[in-house]
């Protein structure tokens with residue numbers, strides 16, 4: 001609920017490239033500079049520097065920061081295909097156990113423990129934290145739970161998207177890790193407040209409909225909520241970067257869920273909101289959904305803007321062969337799914353998401369009880 005908690009034409013020079021049977025890691029090494037490919041390029045060698053078609057400068061209105069360039073890479077099929085595509089983005093949800101360092105994950109667990117302890121003392125615990133005072137202050141705006149719900153969402157959205165927009169300048173001033181700590185340190189308490197208020201007041205609004213007893217509604221809502229978490233933005237899986245153990249990066253993802261929609265976080269939030277609003281059926285749920293969906297729609301626009309600044313032509317290539325609306329780029333030929341596309345989801349991050357989503361469902365009573373005890 002509180003993720004970043006929040007909706008082209010064919011590239012004809014690529015059609016003659018040869019086949020490749022593995023998705024290699026993108027190399028950020030070459031400059032995108034030519035409309036034509038060198039005849040001596042060997043796509044099967046992932047270290048080969050491949051010139052990429054340039055695009056007219058008039059397409060890009062942002063030029064305040066030097067743009068990263070990607071070396072195009074070929075995406076494999078299990079079967080031969082005459083139209084292997086060239087990736088300029090990164091392979092999402094990739095996790096190689098051999099590349100992991102035990103020390104990094106020890107640091108991560110230590111940081112996680114410190115963050116949770118600090119969050120509890122400084123914000124959540126009513127005897128020491130500021131969370132309740134913050135909720136009480138926002139509640140003075142109106143006696144309406146709907147207005148307070150919208151206000152909390154609006155405050156979170158301004159801070160979260162505002163800091164995201166300042167990321168380039170912030171990282172230049174204080175560094176990537178320090179900015180990530182600042183970003184999380186401000187956003188996380190506001191996210192917790194918004195979630196807790198929603199849990200505690202979700203049934204306090206005006207009832208607009210009641211469908212819980214209708215056959216199949218529970219199953220529909222459960223399945224929709226389950227699916228929504230598979231639309232998490234791939235950067236969410238980079239836990240070591242999230243915790244600033246590894247240096248945080250702004251990634252240009254292109255595989256996995258990004259083939260379905262360029263803004264999976266927004267799509268997942270819309271699914272989550274529609275499911276919860278259908279189930280609860282009142283004005284508070286409606287207000288929360290309006291706020292969250294609005295925030296994520298803005299986030300989709302702002303995310304494209306920021307990626308255009310950071311990656312320039314490479315982002316324009318990804319944008320042309322992806323879509324905001326799920327699956328829209330597939331029937332018109334801008335996106336061609338590999339025959340073994342399912343393998344891009346058979347990865348540890350998605351296995352973990354499955355387990356965590358199922359666990360969260362069964363832990364709902366505990367989560368609700370903990371929220372009620374705060375009296376926010």
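One is the number of the first residue shown, and numbering goes on along the chain from there.
In case you wondered, yes, glycine gets a Cβ from its N, Cα and C as well.
Annotated in TrEMBL:
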DOMAIN    149-367  domain 'NnrU'
TRANSMEM  105-124  transmembrane segment
TRANSMEM  147-166  transmembrane segment
TRANSMEM  178-200  transmembrane segment
TRANSMEM  220-245  transmembrane segment
TRANSMEM  266-293  transmembrane segment
TRANSMEM  345-363  transmembrane segment
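Proximity of distant same-chain residues to the transmembrane segment (220-245), defined by a Cβ-Cβ separation under 8 Å and at least 6 residues beyond the stretch ends, is recorded for 3-4, 92-93, 95, 104-105, 107-108, 111-112, 115, 176-177, 180-181, 184, 251, 253, 256-258, 261, 264-265, 267-269, 271-272, 274-276, 278-279, 345, 349-350, 353, 356-358, 361. Listed by sequence, the residues of this chain that lie at least six past the ends of the transmembrane segment (147-166) yet keep a Cβ under 8 A from its Cβ atoms are 2, 4, 6, 135, 138-139, 141, 182-183, 186-187, 190-191, 193-194, 197-198, 201, 284, 287-288, 290-292, 294-295, 298-299, 302, 306. Between the transmembrane segment (178-200) and the transmembrane segment (105-124), three or more CB pairs separated by 6 or more residues in sequence fall under 8 Å, so the two stretches touch. Across the residues of the domain 'NnrU' (149-367), the predicted structure has a mean pLDDT of 96.
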